[in-house]
Amino acid sequence: MRRSKQGAEGKAEKKAARSAGVCRTTLPGGLRVVTEHLPAVRSASVGVWVGVGSRDEGATVAGAAHFLEHLLFKSTSTRTAMDIAQAIDAVGGELNAFTAKEHTCYYAHVLDSDLELAVDLVADVVLNGRCAVDDVELERDVVLEEIAMRDDDPEDALGDMFLAALFGDHPVGRPVIGTMESVSAMTRTQLHSFHVRRYTPERMVVAVAGNVDHDEMVALVREHFGSRLIRGRQSAPPRKSTGRINGGPALTLGKRDAEQTHVLLGVRTPGRSWEHRWALSVLHTALGGGLSSRLFQEIRETRGLAYSVYSALDIFADSGALSVYAACLPGRFADVMQVISEVLASVAGDGITEAECRIAKGSLRGGIILGLEDSNSWMSRLGRSELNYGKYRGIEHTLQQIDEVTVEQVNALAHQLLNKRYGAAVLGPYASKKTLPRQLRIMVN
């Protein structure tokens with residue numbers, strides 16, 4: 001019966017597409033398997049990427065994707081949490097997971113000889129996590145401790161405040177981890193329903209990189225995922241677009257007994273499929289992405305006003321955020337904001353130079369290549385590419401896109417984005433509207 005069943009499934013299976021060492025197969029039900037053969041390594045990394053994150057949650061279950069990620073490791077129908085831990089420890093591997101705004105990833109990194117165990121463990125956790133009542137209560141306490149720890153970290157807390165200021169009541173603006181209130185109120189039924197409704201095969205990608213064979217990998221996935229994934233899964237509900245955001249960018253203030261004042265300000269950007277995506281990355285890098293960037297040089301190296309200052313770029317499917325962060329002594333806050341506003345105004349008006357554009361492009365290229373030093377990095381690139389674009393975008397394609405960026409494109413983009421109204425968050429001992437520097441008040445109004 002098993003052999004006959006596999007034969008029937010094989011007829012519906014889409015033939016593997018092969019490109020430069022990368023192979024792709026779509027199984028019945030829509031589950032995609034993407035592999036990259038890296039013959040020079042003795043390791044293998046397996047990741048199950050689920051196209052579900054915190055932006056897919058309703059307000060009453062904020063933090064459900066992250067809570068569920070924790071919970072699925074507690075027990076399955078055949079393994080306890082200790083069984084799972086001992087199985088991966090016995091081969092010297094790594095088994096972990098993380099949740100983001102738009103996806104959740106469960107992954108294992110092992111020797112190539114232990115690949116089947118890795119697939120078995122990850123599949124068991126993702127598909128058969130029990131969501132038992134006792135486990136829910138135990139892990140709830142762990143997540144609440146994690147929220148408290150995040151709230152104690154000024155940069156983490158500020159990041160959540162900033163996205164809320166920029167995206168308002170849209171799910172993108174809520175913390176991935178949830179809040180004390182939402183996690184405390186979440187029920188086992190809600191978490192189980194989230195698992196069943198959101199973890200559907202068409203939203204899943206199994207990405208594998210290392211010393212692996214594609215056909216063998218597909219066979220392993222069919223064996224360990226198989227009918228357990230295909231049967232009994234409803235179609236996933238649609239994702240809420242960021243086009244429906246109530247209100248414009250705002251200002252959020254948080255008072256905290258600390259030595260420094262922290263500020264994060266920025267603007268909304270288009271999403272990852274935007275034709276100027278890499279010009280945006282060049283702009284971010286030139287602004288505050290490196291040691292030679294405008295902000296770092298002007299605020300830290302030239303004036304010594306702050307130790308930590310940088311820009312950041314968050315890109316989602318249909319929107320994003322270009323932001324600037326700085327932390328300084330409260331007495332220097334006005335001076336720091338003066339320099340930030342001058343740098344942003346200068347780049348918005350006059351743009352960056354050819355030399356700055358060249359350095360930023362080189363920084364991006366080098367960072368991408370250096371970031372692919374192990375099988376885990378290649379696996380992550382495979383999974384993200386398939387989940388975000390529905391196809392493999394090789395490193396050569398990305399590097400070519402960066403090379404094609406011109407300084408004229410970057411400067412047109414700077415003029416378009418940096419003249420917009422800013423959203424901002426301020427956290428510190430004297431954070432109030434009365435004490436805000438004039439430059440910041442102008443930028444957020």
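Every residue gets a Cβ built from N, Cα and C, even glycine.
Copied over from Swiss-Prot:
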type	residues	note
ACT_SITE	Glu69	active site, proton acceptor
BINDING	His66, His70, Glu146	Zn(2+) binding site
REGION	232-251	region 'Disordered'
Spatial neighbours, same chain, of His70 (Zn(2+) binding site) - Cβ under 8 Å, 6+ residues apart: Glu139, Val142, Val143
Nonlocal neighbours by CB distance (under 8 Å) for Glu69 (active site, proton acceptor), same chain, sequence gap 6 or more: Ala97, Phe98, Thr99, Thr104, Tyr106
Environment of His66, His70, Glu146, the listed Zn(2+) site - residues of the same chain whose CB lies within 8 A of the CB centroid: Gly63, Phe67, Glu69, Thr99, Glu139, Val142, Val143, Ile177, Gly178
Neighbour count (Cβ, 10 Å) for His66 (Zn(2+) binding site): 25
